[in-house]
Amino acid sequence: MGRLFGTDGVRGVANADLTAELALGLSVAAAHVLAEAGTFAGHRPTAVVGRDPRASGEFLEAAVVAGLASAGVDVLRVGVLPTPAVAYLTGSLGADIGVMLSASHNAMPDNGVKFFARGGHKLADELEDRIETVYEQHRTGEPWSRPTGAGVGRVTDYTEGFDRYVAHLIGVLPNRLDGLKVVLDEAHGAAARVSPEAFARAGAEVVTIGADPDGLNINDGCGSTHLELLRAAVVEHGADLGIAHDGDADRCLAVDAAGEEVDGDQILAVLALAMRDAGQLRKDTVVGTVMSNLGFKLAMEREGIRLVQTAVGDRYVLESMKAEGFALGGEQSGHVIVLDHATTGDGTLTGLMLAARVAATGRSLAELAGVMQRLPQVLINVPDVDKTRVNTSSELATAVVEAERELGENGRVLLRQSGTEPLVRVMVEAADIEQARAVAGRLADVVKSALG
């Protein structure tokens, strides 16, 4: 069996790859693994279970709840809430485990299972590996040890989760949003109720789009992967800014008053300055990834802020933040982590903090985001090559040195192996788009000839 867990839980086409049987089995396995790790020692264990609104979440939720309860875990079922809400509630309610059913920005037929440990943190790799091992052992015939009588778990609908999470969001804001008009695109997803309520309670005038989930329309032409509707709505309504989430609202992208996109790097730049001014940017450092735009790095250097870059993935950003004690990190895609207030990317919190900075300064989002200038970026995927030689080919190394010499300080080259396919990704940033395209094209040709 190949590894079930990816960088963000277990995902697949619901009822094909991710079946009710798999969801139930993984939940029982997770309960057994956490029990043997001592997480449940000395008390009756509790889990928080939430989901996004896609149709398959209903039967998968039933399977997860059944699995946990059959393993002796009491379940607080919080219903449709964002991933960061489930993480927050897992921590604030003192639960031993959290489970979120979502495939984030993926299309409706997909779904996923993500586990959180006590405190609302993602499970460590070794625990995920152990869950897979235990699941496979029992799938192939070894019986479970099952509680009976009063030992089985009880299931409760925890209806206070919505208000508790919104109150948390409002409570950590540095200032109110009175006077701001904000358009919210909720991707017909998990934040369709939460985000508009939070922005309204914070004082903003709110216009919503993509906030009518029917189980089938999640991420369908809307949300953070499709900004066209948000751009048009912001201009149409004369709003100060627009905020877009994905299906589980763990990410946030923005649009300024003119309908121009403000990406994750720009959001990080705005928040880094806000947190520095408030004395909250620990070690004057922000964490990004190797894909963070060079313009972001240059802007932070001008402001005396250090950028630490990790491998691609919010998991690696979070690991760096926790290990080094940094307060802010994220990705260009809009995963932003404010570690003092969240254990994972939180799109609603990010949007609120961005709007709060606009309200506090009286400056437009375009002006604030202008602290950094995005350098044109070109990405070319070169398939069917020996990706393992990307760092050892002398021919390729020579071509990279020549490209870097041509680009100078206002450009950069990044070659990355795909983690799942036999391809190499060539990324080039330059002062203008034509130069970036030319350099990327030449490097892609060398990759093809040297590694093909």
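From the backbone N, Cα and C atoms, a Cβ is placed for every residue, glycine too.
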Same-site residue for Mg(2+) (record: Swiss-Prot; known: D246, D248, D250; options: S104, S393, S394):
S104
Return the count of C-beta atoms lying within 10 angstroms of the C-beta of D246 (Mg(2+) binding site), excluding that atom itself.
34
Using a Cβ cut-off under 8 Å and a sequence separation of 6 or more, which residues in the same chain sit near D248 (Mg(2+) binding site)?
D52, P82, T83, M100, S102, A103, S104, G189, A190
Name the residues of the same chain, 6+ apart in sequence, whose Cβ is under 8 Å from the Cβ of D250 (Mg(2+) binding site)?
P82, T83, P84, S104, D314, H335, T344, G345, D346, G347
